[in-house]
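Under the heading domain 'tRNA-binding', Swiss-Prot lists 39-148, citing sequence analysis as support. Under the heading domain 'B5', Swiss-Prot lists 401-476, citing sequence analysis as support. For 454, 460, 463, 464, the entry in Swiss-Prot reads Mg(2+) binding site, with the evidence type sequence analysis. The domain 'FDX-ACB' annotation in Swiss-Prot covers 701-794 and rests on sequence analysis.
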């Protein structure tokens, strides 16, 4: 939003400098981006009157003039502008004047004729106006007046970067209100008296979309002189706000837009067939806009139409067929309130961005239309003449916005600002902002004014009080905080510890969606009905996940399609199990899952890049379980899972309870997911592994340990873990460890059998073991595994 400081001060004139004013505005939350002078630096330029104007005797394109600048003698000035003529009021740079660029005016002769000054154009005075020739001033411009004073050029343009919630400040009226509140200064608005109708001509108006257009005003003005010249004061105000002058009718609607904040539009009455209809467009309906472009409209776009065609995209852009031209005699002024929700996004969809759409999208004061119509009518009659008809208004009271009523608690205000502001100051600030305030036991209830769409919740009122009171006036205070030692159970295993462990082993953490494709999930977890979302993001994300494996497998596929030969991922997250007895009919259980695929290690010239297998992942899972410091509590038991290979899957058991699964993905599932090669996964209940046994210090034995190796032959179906556990069961007090170190199948071992080599470590804390002690323990172990598993010692 650009505005002229001098125009603002016509409304409110606080006793502050320009710098102080812009600082106030910025600190109030309306950030000032730039402050620029409205004209170049010059002096010695006066308002003059061309008394005589004749052709130069020796140059076809030059004219010899005599100009009155209020001095005793007329000035002889040679001018080359085509529009120079007798009777014109002009800007005259007298001898001694200094123009922008340090250009000094001196006495001179042009083709033999004396020239004691220069008739100036806008450009020569550093004024950004596109025009041909010299400036043409109003006929009543006072001769001899300093030109800077005449046009109030000791002024600046202030460019404010407004946030989307402050649509009320997209006008001089809005900025003046804000400055008045900040300085406790009265705002003087221009008097807008109703223009009495002089004719009875009206246009029928029908609003077919009242929710999108709750209020529509139309007024006919006949016999308008569109050839009239826009007054220089209006041109200047428009220019300083970044809008160029076009013609008096358009200039007036733009002026009201900038002054009042109300977008308006003018139609050529002769081009309207039947009457005005405000409706939604038909899908594919076309309209040629004022800039010559053609728009194909969507069915959700509001248009202003007559009985045969669309005349304008409502609140966004006018149509070429109904636009005002130099031939226009009669106009229809439009002034409406279009609901923001029905304008927002429409301009962008057609590649448009206008001053009108910018305001309507954010919200225009819905009580402004009547006064804006009267203001525009008065200016139109003053500048262009014309005969005025009555205003025709169509209004849907039920669809107009209702003022927001918001409660503000004293405690909330103090808590958020960290400072106590007196009750009287709070009430004064809110009332100066245009709110109606009622005091309650807990604080206040404020009714937002019609121009403040952004006042909706308690925090909005806190912000308003804080910024008007002044954040600089709130003293700095050190935060008051107490350091508290939080309880932490030593037995808990932090999730970060597990994350660090897996990252150290080459994994990357993944976060997958909790919403999954239901049919695909049935392949991974058949027989369990997932919770289906009533309003899913998409059909592919319509079920709550029953586990983490599905998301990880899809992530593996995603990476493999991007030429990643080695994938190692893990995820911590919730699974959602339907349960009638649980809160909201669903149990939310934290799970830890992982997946590996591709090569065992990164490609290296000195390392074989073998493909991963079941035991690679099993080792990583064992590392997680070993964090519990109780390696005797867990085991892997062969088990079937519908998503896993029947011969390469196991249940993870801790203290006799199944807490998870591990295995190679079933070949059929690999095919349906699109996996490339062998993929191994695991999934564990986090609550079953997040506690550890607190280790106890024990004395180390000072006596030597003894190792005995045995090789037992058992059926291939017997798990090696069961053999190891059987050894520990009967090994007695001297057996400290039993570990599998070799598995052999082949020559010398009967088909269907396998040889398991187990290292037995025996030691006493009290004495050196004798051969009889060791032999007794070994014999007991061999006898036990022989009886339990039919094992025999290998020769």
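Cβ atoms are placed via backbone N, Cα and C, with glycine included.
Around residue 454 (Mg(2+) binding site), taking its Cβ as the centre, 19 other Cβ atoms fall within 10 Å, counting all chains. Sitting within 8 Å of the Cβ centre of 454, 460, 463, 464, and not among those site residues for Mg(2+), are the Cβ atoms of 165, 452, 455, 459, 461, 462.
Counted within 10 Å of its Cβ, the other Cβ atoms near residue 463 (Mg(2+) binding site) come to 17, all protein chains included. Break the domain 'FDX-ACB' (701-794) down by DSSP state and the numbers are 30 helix, 32 strand, 32 coil. The Cβ of residue 460 (Mg(2+) binding site) has 406, 454 as same-chain neighbours under 8 Å, each 6 or more residues away in sequence. Residue 454 (Mg(2+) binding site) falls within neither a helix nor a strand when secondary structure is assigned with DSSP, and so counts as coil. Sequence-distant neighbours of residue 464 (Mg(2+) binding site) (same chain, six or more apart, CB under 8 Å from its CB) are 429, 430, 433, 455, listed in sequence order. Secondary structure of the domain 'B5' (401-476) per DSSP, as helix, strand and coil residue counts: 33 helix, 14 strand, 29 coil.
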